[in-house]
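In what follows, a single structure is set out as structure tokens and then discussed.
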């Protein structure tokens, strides 16, 4: 569980503001906000979800900075009472709703800070997610750099050696001689380059970023959703505590994320898919799932972003051209007096005086 994961991290004094009071919107206000968000999603061409620990609490996994969060209790010299193993945790209504929205085309991508693997377990495909802090159910080779899904939660955190031989093959068809490591970041680690780049690229293309269950305290990932602003997009935050980023958001919703997503899916008329163990890559009956981000994956998204920028520039140029044409037409349709006529009119004015 998350407290065991926390025990494996290096000592680190400042873990952000913890134990803040939970806030709930009045029912009528909440409904208005959800209705507005539903309209924004329908209008959006590129919605990206940003998820934090708050979307997994209903699965039995404690968050970190809530009233009963791991870091909150640690400050009091306590540990969470819940003892759910990561292997036993199942995706929540929110995880399944997000997957359903992606399958229906209402969302394009997910950026998650969560290491619990519940997005993966939901059946969300690799092409739709950046796991910026790692995943308890993935392993990465130190030689070929490929990643694979583990059938059970890894035993280490902090990108340590698992003493498992890489299961991949090299270009010659022989088994890779590398060793697998866990993918979980420790405090001093830099965010994985590929995961961060994809998170930023998708967020820059977004016209709507929805942050669910995150206090948005961890830098630099807390700033990534606001890349949508550069695209004249909107940012929505749903969290039970207030965040420092609330003032920059276009809409702030205070409620349980499962309640939000249930209402939202009803308004969008999208059925929430059920969790199926047969589509869970951690299912022991599955073959090993490749979880690698390949260079071609990055190239494709970079190209999409480049094309989007070029299209935006063309539209600006066309609008500017149309504005100039309209101005020219306006001038040509107005009567412009020649200097000689102006002089004659002045003389008439003098005579009338």
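Glycine residues also receive a Cβ, built from the backbone N, Cα and C atoms like all the rest.
As annotated by TrEMBL, active site, proton acceptor applies to 133. Residues or ranges marked as Zn(2+) binding site by TrEMBL: 141, 144, 161, 176. Here TrEMBL flags 294-325 as coiled coil. Here TrEMBL flags 27-271 as domain 'Deacetylase sirtuin-type'.
Long-range neighbours of residue 176 (Zn(2+) binding site) (same chain, six or more residues apart, CB within less than 8 Å of its CB): 141, 143, 144, 146, 166, 167, 168, 169, 170. Note on residue 144 (Zn(2+) binding site): other Cβ atoms within 10 Å of its Cβ, all shown chains, come to 16.
Of all the binding-site residues listed here (141, 161), it is 161 whose C-beta has the fewest other C-beta atoms within 10 angstroms. On the backbone, the CA of residue 161 (Zn(2+) binding site) and the CA of the residue listed as 'active site, proton acceptor' stand 17 Å apart. The C-beta environment of residue 133 (active site, proton acceptor), restricted to residues of the same chain at least 6 apart in sequence and closer than 8 Å, consists of 112, 113, 114, 115, 184, 185, 191, 221. Averaged over the coiled coil (294-325), the predicted model reaches a pLDDT of 83.
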